Amino acid sequence: MDRSSLLQLIQEQQLDPENTGFIGADTFTGLVHSHELPLDPAKLDMLVALAQSNERGQVCYQELVDLISSKRSSSFKRAIANGQRALPRDGLLDEPGLGVYKRFVRYVAYEILPREVDRHWYFYRHRSCPPPVFMASVTLAQIIVFLCYGARLNKWVLQTYHPEYMKSPLVYHPGHRARAWRFLTYMFMHVGLEQLGFNALLQLMIGVPLEMVHGLLRISLLYLAGVLAGSLTVSITDMRAPVVGGSGGVYALCSAHLANVVMNWAGMRCPYKLLRMVLALVCMSSEVGRAVWLRFSPPLPASGPQPSFMAHLAGAVVGVSMGLTILRSYEERLRDQCGWWVVLLAYGTFLLFAIFWNVFAYDLLGAHIPPPP
């Protein structure tokens, strides 16, 4: 139901004859049932929650329109939060007769969302089309690129030690800073099977559920922001080092999700969350430690510096800042939130600084970078 048809129906039924801007929830619910209007059960639940947050049991007309239009503002969310305590509702875990896919959707709801009302909203509104194609496509592309270079170099572990590896047009190398696409395309290259396996596993286990809940646009923005921040941070802090791997984007996703879980610890219903949190932190720390070891204590003779580990840390910072803002704004417009614009301003300032650094600082500081392959 669109906004115009809803307005016409309310006017025809005279639900607000005195033009107060409020509509009785019981009256509107009866209208829905009598006209057999297609309204999600979750939206009816939220309608009751909105009414219970109002002293007279009424719903603001604009909030009703936002509800029908699947738009939720911060004030809408606060009203839902105030009303949900008195709202009797069975949890999704008690939902009987679900198929395999709907059970997976329910699993994703409990993995990602911290509040029961949001889980209901997602569970009833979720559609299988479009599927979470971004994270799956990125992972598939990374695997294909790795297989191609593995077969070409006949090397599947520590590929960066092969003299032909750094000649790839996808790798970020400080000697090729003018080729701007390399600041992003390095995410398709990996040191070896171990790094690819780690990143692909996290992208599928965390990235796909996040994309299912928050959508392609937000998750792709977060992932690519982490990738770009990773290469730019390396170009500032580790000026002689190349970069490979999608760890900047992976750490942005993982850090955002872990921070969201910690900040909503009481509401998260995912099983064994403390154990899984510890395991995730251990695995992420181990991957950073491995990258530091390869950077400063290479196990094999190398023709130049090995890839930097700073992309991991930059991705984590992006996840805790930008990513946490995105994940805490489920079904809300980011442009309506002051915090979102603060994060964008900070990220934009960093981008401008990094661009000027790459254009001028290398010559001014006399940085001795390895010759480009």
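Keep in mind that glycine also has a Cβ here, set from the backbone N, Cα and C atoms.
Bear in mind that TrEMBL entries carry predicted annotations, made automatically and left uncurated.
Feature annotations, reproduced from TrEMBL:
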- Ser247: active site, nucleophile (ACT_SITE)
- His312: active site (ACT_SITE)
- 179-328: domain 'Peptidase S54 rhomboid' (DOMAIN)
- 133-152: transmembrane segment (TRANSMEM)
- 183-204: transmembrane segment (TRANSMEM)
- 216-236: transmembrane segment (TRANSMEM)
- 248-267: transmembrane segment (TRANSMEM)
- 274-296: transmembrane segment (TRANSMEM)
- 308-327: transmembrane segment (TRANSMEM)
- 339-360: transmembrane segment (TRANSMEM)
Among 133-152, 183-204, 216-236, 248-267, stretch most in contact with the transmembrane segment (339-360) (C-beta, under 8 angstroms): 216-236
Segment proximity, the transmembrane segment (274-296) to the transmembrane segment (133-152), 3 or more C-beta pairs under 8 Å: no
Residue counts (helix, strand, coil, in that order) that DSSP gives for the domain 'Peptidase S54 rhomboid' (179-328): 110 helix, 1 strand, 39 coil
Stretch-averaged pLDDT - the domain 'Peptidase S54 rhomboid' (179-328): 91
Dominant neighbour of the transmembrane segment (274-296) in 183-204, 216-236, 248-267, 308-327, by Cβ pairs under 8 Å: 308-327
Two-stretch contact, the transmembrane segment (308-327) and the transmembrane segment (183-204), at least three Cβ pairs under 8 Å: no
Packing count at the residue listed as 'active site' (other Cβ atoms within 10 Å of its Cβ): 23
